[in-house]
């Protein structure tokens, strides 16, 4: 009887392990397939169409549907960078302050009110953020600051609201994971609450907070629909916060459906997608570096 139970248990264990290995292998296979597909399509601009890679990266002219065939990605790279950095500069301090408030200053309010609110914001679809931006934010900027309203500033504000829950939640988890002895020892040495936050809590949770910030930037870089709805989508570099421009994701959203598969225009868009993939890999490597540094500490 005991032998049958043992055999059944071993059988279930092998089935569970086999299923886990299968799922893990399937995920790896799908990921590698996506990478291979993007790389094979993205390099056609340089291998098949013989376009210079440096000219592609640093040219500011984008007119792929004309006879001249200018494929300059610099407009979109700069647009994505400005939008993402602006969003992180706006939402980062607010999100980290919320994380500190939720864990140090008022944990009860944080648990009962702020945490559920952040979860709701994180679950709202990006198209809703974009629609609110078009309906409320764009007219507001147009009326009070001038211009068309569709601008770099609109995209920064919309994105900052979208990435705030991500940064706040991960920063909160990093602070929550700290041993209570850190705070108690600081108070025992006569430090005030603000001194404890500034000199003990934030330095101790630094790696987790940096990870949250990098994930926020990665989310901002990869966001497409909400940005495309409010940024203006012009093919030129922004002259200021109130100027419209485009990003890597917005040009892909707008142009991909209008191209013929295998054409130079289509290939150039796949090259932009490859750039976006490489930037995503860069963020992943940064997060891994931060994580490994935290383990060493």
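Using the three backbone atoms N, Cα and C, a Cβ is placed for every residue, glycine included.
Annotations in TrEMBL come from automatic prediction, not curation.
Features reported for this protein in TrEMBL:
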- 21-39: transmembrane segment (TRANSMEM)
- 71-101: transmembrane segment (TRANSMEM)
- 77-287: domain 'ABC transmembrane type-1' (DOMAIN)
- 113-132: transmembrane segment (TRANSMEM)
- 144-170: transmembrane segment (TRANSMEM)
- 209-231: transmembrane segment (TRANSMEM)
- 269-287: transmembrane segment (TRANSMEM)
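Counting Cβ pairs closer than 8 Å to the transmembrane segment (144-170), the top stretch among 21-39, 71-101, 113-132, 209-231, 269-287 is 71-101.
Within the same chain, residues 45, 51, 55-62, 64, 109-110, 114, 118, 152-153, 155-157, 159-169, 171-172, 174-175, 197, 201-202, 209, 212-213, 216-217, 220-221, 227, 231, 235-238, 241, 245-251, 264, 268, 271-272, 275, 279 sit at least 6 positions outside the transmembrane segment (71-101) and bring their C-beta atoms closer than 8 Å to a C-beta of that stretch. Of the candidate ranges 113-132, 209-231, 269-287, 269-287 contributes the most Cβ pairs within a distance under 8 Å of the transmembrane segment (21-39).
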